Amino acid sequence: MPPTLLLLLLLLPPSLASPDRDIYALAKLKAALVPSPSATAPPPLADWDPAATSPAHCTFSGVTCDGRSRVVAINLTALPLHSGYLPPEIALLDSLANLTIAACCLPGHVPLELPTLPSLRHLNLSNNNLSGHFPVPDSGGGASPYFPSLELIDAYNNNLSGLLPPFSASHARLRYLHLGGNYFTGAIPDSYGDLAALEYLGLNGNTLSGHVPVSLSRLTRLREMYIGYYNQYDGGVPPEFGDLGALLRLDMSSCNLTGPVPPELGRLQRLDTLFLQWNRLSGEIPPQLGDLSSLASLDLSVNDLAGEIPPSLANLSNLKLLNLFRNHLRGSIPDFVAGFAQLEVLQLWDNNLTGNIPAGLGKNGRLKTLDLATNHLTGPIPADLCAGRRLEMLVLMENGLFGPIPDSLGDCKTLTRVRLAKNFLTGPVPAGLFNLPQANMVELTDNLLTGELPDVIGGDKIGMLLLGNNGIGGRIPPAIGNLPALQTLSLESNNFSGALPPEIGNLKNLSRLNVSGNALTGAIPDELIRCASLAAVDLSRNGFSGEIPESITSLKILCTLNVSRNRLTGELPPEMSNMTSLTTLDVSYNSLSGPVPMQGQFLVFNESSFVGNPGLCGGPVADACPPSMAGGGGGAGSQLRLRWDSKKMLVALVAAFAAVAVAFLGARKGCSAWRSAARRRSGAWKMTAFQKLEFSAEDVVECVKEDNIIGKGGAGIVYHGVTRGAELAIKRLVGRGGGEHDRGFSAEVTTLGRIRHRNIVRLLGFVSNRETNLLLYEYMPNGSLGEMLHGGKGGHLGWEARARVAAEAACGLCYLHHDCAPRIIHRDVKSNNILLDSAFEAHVADFGLAKFLGGATSECMSAIAGSYGYIAPEYAYTLRVDEKSDVYSFGVVLLELITGRRPVGGFGDGVDIVHWVRKVTAELPDNSDTAAVLAVADRRLTPEPVALMVNLYKVAMACVEEASTARPTMREVVHMLSNPNSAQPNSGDLLVTF
C-alpha cells in the first residue's frame, strides 16, 4: 500500500462512515481542480458542496451512486480546467468502478494511489496533459493489488513517459488498453501477451523500441491492434500474428518495420483493415493477402516493395481503399481493380507502373479519389471515371497519357481537384472543367492541348487555374472574371491573342497572374488596380503597348512585376519608387524612355532590370541622363552615376545610424521610465499562473530592468529573471496594451498556458496591468539555436546534435499542429525561436504569439506572418498562414542547420537561403542528393555521416516546396527525420494527395 494512502486512512476518524468518506474525497477532488476563468457561469462543479451530507453528494454533477449512497462513477468529460491535479484522496473512493476525467487538459501526474482502487473497472484519462511516469506496482511487503478489477484503461493523448505499465496475466478482465499518444519508451512488455481477455490494444504514437513481441500473437480475442506511429521497432511484423484469428484491424504504420510482409497475415480471415504504410518493408506483396476476404482497407504505401501487383488481390471484393503509392512496383495496373464494386480510394502514384489505366475504372460508381501520378502510364484517360458522380480528386500528372480529356470529366460536379499536368493530352479542354462547382484546382500544364477557352466560365471555388505550356489560342474571354475565388491564373506559353480583358479586375482574390509568352496586345489594363491581392504579375514576352499604367503603383503588396519584352513606351511612373513591397522588377527590352528614379525601391534594382530600353538613362543604367532631363542638377554622366551610388550609401548609413541611436536611447530611457511607472502602480499588477509559483507579480516586475535584457525581437523584449530561487524568462510584449482588461488576450494566453510538451517552452503564467503584458516562461540556459549555430560555438554543434535538435523541434511543432485542441499555428518559426536547455535539448518558443502583436513590427518581423527569410512564398500573394507555412519556415531552419548560414544575407540581392541552395545544387554535374548536400554543407564540420546529412537535406527540401500543398505535414516531418529511408527528395506536388 502506498505510504500516502496509508497515512490518509490513519488520519481519518474511525467514525467516518463510507459515504462521508466519499464526500471527503469529492471535496478534495473539487479543491484540486481549478476551473478555467473563461468558463461559463455557474462554474464547473459549483454544485459540489463540501458541506453536503449523504446522500446529497449523489446528486453532484457527474457523480453516480449505488443503493448504499457510495460513489460508483465519476464522469467529468470536457470539464474546462485552468489547472489542477488528481489528488491522492481519490483512492478513498473504494467503491468507485468508473472514473472518467477526459478532454479536460488536466495537468499533473497520475497519483500513485490510483491503482489501489479495488473496484475500479473503467479508467478514462484521455486527452489531458498528464505527465510523468505511470504508477507501477508497489514492490514492498503487503503491497495492494495493482488495478485488481480493471477492464478498461484509456490514457490516450497525454504526456506520460517512462516504461509502459506492467499489466500481466493477473489482469484477466482487461479488455481495452489504450496508452497511445504519449511518450512511453522501452519495449512492449512480453507480459501483454498474457492479457487473455484483451480485445483492444493501442500503443501508437509513443517512442517505443525493441522488437514487437511475438507473445502478442497469443491474444486470441484481440480485435483491434494499433502499435505504430512514432514508435521505432527493430525487425519486422511477427509472422505469428497470422494466429490472431479474431483480429479486425491491424495498424503498424510508421514504426520503422523492416523485412517482408509476412504471408501468414493471409490467414486473418476477419481482417477489415491492414495498415503497414510508412515503413521500410521490402520484397514483393505476398499473394496470400488475396485470402483476406473481409479486407476493406489495404495500405502498404511508402515502403520498398517491388514486383507486380499480385493477381490474387482480385479476390478482395470488399476493398474500399487500396494505397500502394511510393514503392517500386512495376507492371500494369490489373484490370480486376476496375471490378472492385466498393472501391472508393485508389492511390498508386510514384511507382514504375506501365500500360493503360483499366478502361472500366470508375464504372462501379463509388470512386472518390484516384491518384496514379508519376508512373509510366500510357493510353487514354478512361471515360467512366466519374460514372457514379462521386469522384472528388483526380491526379494523373507526370505520365505519358495521350488523347483528349474526356468530356465526361466536365460533367463531374463533385470534382474538387483535377491534376493532369505533364502528359501528352491533345484537343480542346472540355468547357465543363471551367464551371465545376466544387473544384478548387484545375491543373493542365505541360500538355499539347489546343482550342480556345469557352465564353462561359463560372467555377465559384476555383482557386488555381493552371493551363501553361500548351497550344491554347484565341482571346482570353471576359468570362475569366467570373472566378471569384481565383488566386493563381497561369496561362503562360500558349497562343492567346488580343487584349487582356478588363474583367480581370473582377478577380479580387487574384494573387498571381502569369500570361507571359503569348501574343497579347493592347494596353496593360488599368483594371488591374482592382486586384488588390496581386503579389506577382508576369506579362512578359507579349505585344503589350502604351505606357506602364500609373495605377499599378497602387498595388500595395505587389512583390514581382515582369513586363519585359513587350512594346511599352513612355517613362517609368515615378510613383513606383514608393512601392515598398516590390522586390523584383523587369522592364527590359521595351521602348521606355526618360530617367530611372533614383530613390525608394529603385535603389535595390540593378541594370538587368532596365536593359534593352535605349531611351532610359540614369540610376543603374549605363547611360547618363542629359542635364535638362536630370532636373538641371546634372553634369557629366560619371558625376550623376557617382551621385546615385553615393545616395545609396548615404541612405544606408543614415538608416543604420538612426536605428542604432534610437534603439540605444529608447532602450535606456524607455526601460527606466517604464520601471518607474511600474513601481508607482505596483498594486495594479495581476499575475495569472498556470502552475504553482513561489513568487509574486511584484517580484517579476523587479526583474524587468535593462541589465537583465537577454534578447529583443518582433514579439518583444526578453529579460532573465531570478527571484525567490526561481529562474525564468520574462517577455514584455511590445505594441499591445490592455493587460488584465483584455479578456480575449487572457483567454488566448490561458489556452497557450495549458500546453505541456517536452519540446515546447513552458508558459508558466503572465503578469499584466492596463498597459503591459509580461509572459513568464521557463528559462533556457543555452540560449537559442540561432545564437548557437551562427555564433562562435556553431562549429561545436556536430551533425548528430543538429539532427537531434531538428527532430526535437519537429516534435514540438507537430504537437502544436496535430495534438492541440484547437490546433495552434506558430506563425514565426525560426532558429531564434528554438531554445536549448541545459542538456541542449530543443524547445519551441513563442508559439501562437504573432496574433497578439497587433501592429507592432520590427526590422526583422513582418506585420503578420513571421520573420524575413522564413516566410512561406504563398503568404506574399494570399496573406494567409496555415500549418504548411510553419512547415516552410521549419525547412529554412533545417537549411540553416545544414549550411551553417543565416536565412538571408551573403547570397546576393534578393536571394535567400532557399533560392541559394536551389541554385548551387542545380548547377552541379551530379544531381544526386549526396552531391547536393556536400556542396552546401557547413564547412566547419567534417562531412560525415553522409547518410544523416542527406536525410536532413531531403526533409528540408520537401519542407520548402513552393506549393504549400506539396509540403509534408509536421507529423510526416517527424517520421522522415526518424526514418531516413522515408524522406523522399523532390516529391513535389505528389504530397498534395495526402
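Keep in mind that glycine also has a Cβ here, set from the backbone N, Cα and C atoms.
Small disclaimer: the values here were computed from a predicted structure and weren't measured.
When the residues ASN159, ASN782 are compared with Swiss-Prot, the one annotated as N-linked glycosylation site is ASN159. Rounded to a whole number, the C-alpha distance linking ASN129 (N-linked glycosylation site) with ASN509 (N-linked glycosylation site) is 41 angstrom. A Cα-Cα distance of 24 Å separates ASN352 (N-linked glycosylation site) from ASN256 (N-linked glycosylation site). For ASN514 (N-linked glycosylation site), the Cβ neighbour count at a 10 Å cut-off comes to 19, with all displayed protein chains included. Per-residue pLDDT, averaged over the repeat 'LRR 18' (509-531), rounds to 94. Put simply, of the glycosylation sites ASN256, ASN495, ASN606, the one whose Cα is nearest the Cα of ASN514 (N-linked glycosylation site) is ASN495. Long-range Cβ proximity for ASN509 (N-linked glycosylation site), meaning a same-chain Cβ under 8 A and a gap of 6 or more residues, is found for GLY463, PRO484, ALA485, LEU486, GLN487, SER533.
On a Cα basis, ASN495 (N-linked glycosylation site) lies 19 Å away from ASN562 (N-linked glycosylation site). Straight-line distance linking the Cα atoms of ASN256 (N-linked glycosylation site) and ASN578 (N-linked glycosylation site), rounded to a whole number, equals 55 Å. Nearest in space to ASN124 (N-linked glycosylation site), taking C-alpha to C-alpha distance over the glycosylation sites ASN98, ASN315, ASN495, is ASN98. Each residue contributes its Cα atom, and for ASN315 (N-linked glycosylation site) and ASN98 (N-linked glycosylation site) those atoms are 44 Å apart.
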